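Below you'll find the structure I mean.
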């Protein structure tokens, strides 16, 4: 067991010494390797989506525990939670008017939990909220997503406004975690429960991205065609990949901290 930890520590140390471009290349290669393994191991790739939802739920459970038991919201971004509530609200609307399925119920549960978290941060635990650290301007992501949705959206038979809304929630979901990463970058130190929560988001989004990529490969590209024509199918896939890579750097430092035996995660400058 100790030999295994020493090997992992040696690998992590070697990774830390690599230049940023080399780290990015290694991350891409590791991601591709993971996709190949998942394609071989998981026969029904729809299970990857279920796994993503399960991991996301686990992360939310950790967040709920932090707020109830620790009675503090220090290190959490209210703006990230508000962006999450926004894209979930829009997606729920689109689901009800366009395509109602089991995913709608999952989104409804996540939306209710997110609204509760926002309530706790704004009112019950307001004294521990790091307002000065949560300084990422929401309009920096919301406005570009809205503009992009106006020009690139599904080409289905649904009402134009509904198609724009759907595209908006896809784009906004991809970048909704940015304020949370900014808070962690500003504080430099991330306490365990917040780190566990964000790491769970990273794993969930990787599994969701893997689900999409493998579905496209299995259908030999027909899935993208089914989504419509133009740039929209490609943008859906790109949004999934962006979500994964935004959190990849944090997940690397999280794993490094866990195997290093550190309870508190310390982030170097430049992670966000």
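Cβ atoms here come from the backbone N, Cα and C positions, even for glycine.
TrEMBL labels come from automatic prediction, so no person has curated them.
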In TrEMBL, which of the ranges 5-23, 24-42 has the transmembrane segment annotation?
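Feature transmembrane segment in TrEMBL: residues 24-42.
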Using a Cβ cut-off of under 8 Å, list the residues of the same chain at least 6 residues beyond the transmembrane segment (135-152) that approach it.
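77, 79, 82-83, 86, 164-165, 167-168, 171-172, 175-176, 178-179, 182-183, 186, 230-232, 235.
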For the transmembrane segment (164-181), find every same-chain residue at least 6 residues outside the stretch whose CB is under 8 Å from a CB in it, and list them.
76-77, 79-80, 83-84, 86-88, 90-91, 93-94, 98, 134, 136, 138, 141-142, 144-146, 148-150, 152-154, 198, 201, 232, 235-236, 239-240, 242-243, 246-247, 250, 271-272
